[in-house]
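> Pasting a structure here, questions to come.
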Amino acid sequence: MIDVSGKIRAWGRWLLVGAAATLPSLISLAGGAATASAFSRPGLPVEYLQVPSEAMGRSIKVQFQNGGNGSPAVYLLDGLRAQDDYNGWDINTSAFEWYYQSGLSVVMPVGGQSSFYSDWYSPACGKAGCTTYKWETFLTSELPKWLSANRSVKSTGSAVVGLSMAGSSALILAAYHPDQFIYAGSLSALMDSSQGIEPQLIGLAMGDAGGYKAADMWGPPNDPAWQRNDPILQAGKLVANNTHLWVYCGNGTPSELGGTNVPAEFLENFVHGSNLKFQDAYNGAGGHNAVFNLNADGTHSWEYWGAQLNAMKPDLQNTLMAVPRSG
């Protein structure tokens, strides 16, 4: 008699092995070629700040556009392959132009490749050497204090938005820092980062993107840090905080926006299921303060993330009570 269940399990193992082997290269291909130029047009009041970080032992470059004295901020976080010259939101979208005179200060930290914008256990050692990653401390303590003191930006009642790697980071930052971030946007994120083989896949992707090790970040897969940084497991915190959420993930099918390539299609389809699970967890915890866009066509590419950032602008302005500027 044929052991059908055994064959299914074997095929499942092979599929997982195949996914683990190909995921890093797919992420690399979907991310596109690096560029040294920014999108923002000349004339926009974009500043290039150097913000001191005691936690990281160096100054961090931050691209910044002021929304006015006392304005709330929108922190835009980059993907796994974040560069050290410009934030990906400026390289790949016209975010500064879209949000010009919106009443929202736009804050784009630069760098943090493979960081998950987290406080790492150990030095972040990769192909370029070792550095200190204490991004959560920087984003939730050092940077808001500096912006408040030096640019009159509100240190509370703000928003954090991220794509891919940083989508889950945005939710986690809002879960643990609810006074600062009353709004969190997650675009095409992996939402079950501590479950199954996800820690191994994340480690492989981080190794491909800079030679980093996931164990230096959150320890072995059974370490509590993995659960702390898992959006599905922290959905209840977001509900308890009444954080306003904007959660997007395409289904892996390209639309007229583009992003028609196998890596981008595969990756979006790969993370889509975890977004549905997050929605279930959020609803199951009694959540009622979220926008979920999970049914539309879309791939793992900037065309869709830019469209979402543009679409959420009125929602951000309303939630953060921004006062648009004129002139």
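Cβ from N, Cα, C; glycine included.
Model, not experiment: these values are computed from the prediction.
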> Of Cys125, Cys249, which cysteine does Swiss-Prot list as the disulfide partner of Cys130?
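Among Cys125, Cys249, the cysteine that Swiss-Prot links to Cys130 by a disulfide bond is Cys125.
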> With Swiss-Prot as the source, which of 96-106, 162-172, 184-194, 261-271 is set down as region 'Fibronectin-binding'?
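Comparing 96-106, 162-172, 184-194, 261-271 with Swiss-Prot, region 'Fibronectin-binding' matches 96-106.
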> What is the nearest of the recorded positions Leu80, Cys125, Ser164, Glu268, His272 to His300 (active site), using the Cα of each?
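Closest recorded candidate to His300 (active site) by Cα: Glu268.
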> Near the region 'Fibronectin-binding' (96-106), which residues from the same chain, at least 6 beyond its ends, have a CB less than 8 A from one of its CBs?
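Beyond its ends, the region 'Fibronectin-binding' (96-106) has Cβ neighbours at 39-41, 44-46, 63-68, 71-74, 76, 90, 147, 151, 153, 159, 309-310, 313, 316-317, 320, 322-327.
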> Please report the distance from the Cα of Leu80 (substrate binding site) to the Cα of Cys130 (disulfide bond), rounded to the nearest angstrom.
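Here the two Cα atoms are 17 Å apart.
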> So what sits near Ser164 (substrate binding site) in its own chain, CB-to-CB under 8 Å and at least six residues off in sequence?
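Within the chain, Ser164 (substrate binding site) has Cβ neighbours under 8 Å at Gly79, Leu80, Leu187, Ser188, Ala189, Leu190, His300.
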> Any idea which of the recorded positions His272, Lys277, His300 has the thinnest Cβ neighbourhood at 10 Å?
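Sparsest of the recorded positions His272, Lys277, His300 by Cβ contacts within 10 Å: Lys277.
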> Pull out the recorded positions from the set Cys125, Cys130, Glu268 whose C-alpha sits within 10 Å of the C-alpha of Ser301 (substrate binding site).
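Of everything listed, what lies within 10 Å of Ser301 (substrate binding site) (Cα to Cα) is Glu268.
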